[in-house]
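Colleague: Provided herewith is a single structure, encoded as structure tokens, for subsequent inquiry.
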Amino acid sequence: MIIIMDNGGQYVHRIWRTLRYLGVEAKIIPNTTPLDEIKAMKPKGIIFSGGPSLENTGNCEKILEHYEEFNVPILGICLGHQLIAKFFGGEVGRGEKAEYSLVEIEIIDENDIFKGLPRKVRVWESHMDEVKKLPPKFKLLARSDTCPVEAMKHEELPIYGVQFHPEVAHTEHGADILRNFAKICGEL
């Protein structure tokens with residue numbers, strides 16, 4: 001099962017629906033769910049959803065603090081991506097302009113999260129803030145003309161972040177990205 005931490009984003013149910021469509025068991029839980037309850041669910045992976053504010057990410061940061069107790073792949077989407085970057089020492093700030101549109105990203109490193117995708121993909125973005133600088137020990141996976149860090153991965157741990165929304169129908173190959181994450185988790 002993949003746990004989806006609900007950070008109050010408008011697309012959180014789309015993440016769940018896409019995973020279910022792919023045949024993956026998934027569950028949306030409040031981001032305030034205690035760590036012991038999350039551990040008892042024995043997730044194979046965790047997704048940090050998008051949301052309105054880094055100040056309202058509940059226990060997501062605690063999951064990162066206690067990563068060795070979970071030891072499962074993590075995917076941060078939009079706000080979740082920013083949270084991961086900030087936690088590991090990256091820089092998050094306002095973008096040059098708010099993005100609420102389709103953006104073409106360039107995949108720099110196919111990696112396992114983008115396996116089988118073309119080098120350029122149009123994705124849906126819905127954010128004001130963005131990762132301005134990669135955290136130490138992270139690799140850049142994708143970028144765009146409007147955002148320097150569209151996707152990243154920890155060099156040693158299966159921790160990923162994407163600025164865009166793979167769960168939204170407008171994102172080309174979005175279901176493939178979530179399928180690849182489910183494969184990384186051993187759920188497909």
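Note: Cβ is positioned from N, Cα and C throughout, glycine not excepted.
Checked Swiss-Prot, it gives:
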DOMAIN    1-188  domain 'Glutamine amidotransferase type-1'
ACT_SITE  C78  active site, nucleophile
ACT_SITE  H165  active site
ACT_SITE  E167  active site
Colleague: At the level of the C-alpha atoms, what whole-angstrom distance separates H165 (active site) and the residue listed as 'active site, nucleophile'?
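Modeller: Between the alpha carbons of H165 (active site) and the residue listed as 'active site, nucleophile' there are 7 Å.
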Colleague: To the nearest whole angstrom, what is the C-alpha distance linking C78 (active site, nucleophile) and E167 (active site)?
Modeller: 11
Colleague: Translate the DSSP assignment of H165 (active site) into the three-state scheme.
Modeller: coil
Colleague: Using a Cβ cut-off under 8 Å and a sequence separation of 6 or more, which residues in the same chain sit near E167 (active site)?
Modeller: Y11, R14, I15, R17, T18, I77, G174, L178
Colleague: What mean pLDDT score does the domain 'Glutamine amidotransferase type-1' (1-188) have in the model?
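Modeller: That region's mean pLDDT is 95.
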Colleague: Using a 10 Å cut-off on CB atoms, tell me which of the active-site residues C78, H165 is the least crowded.
Modeller: H165
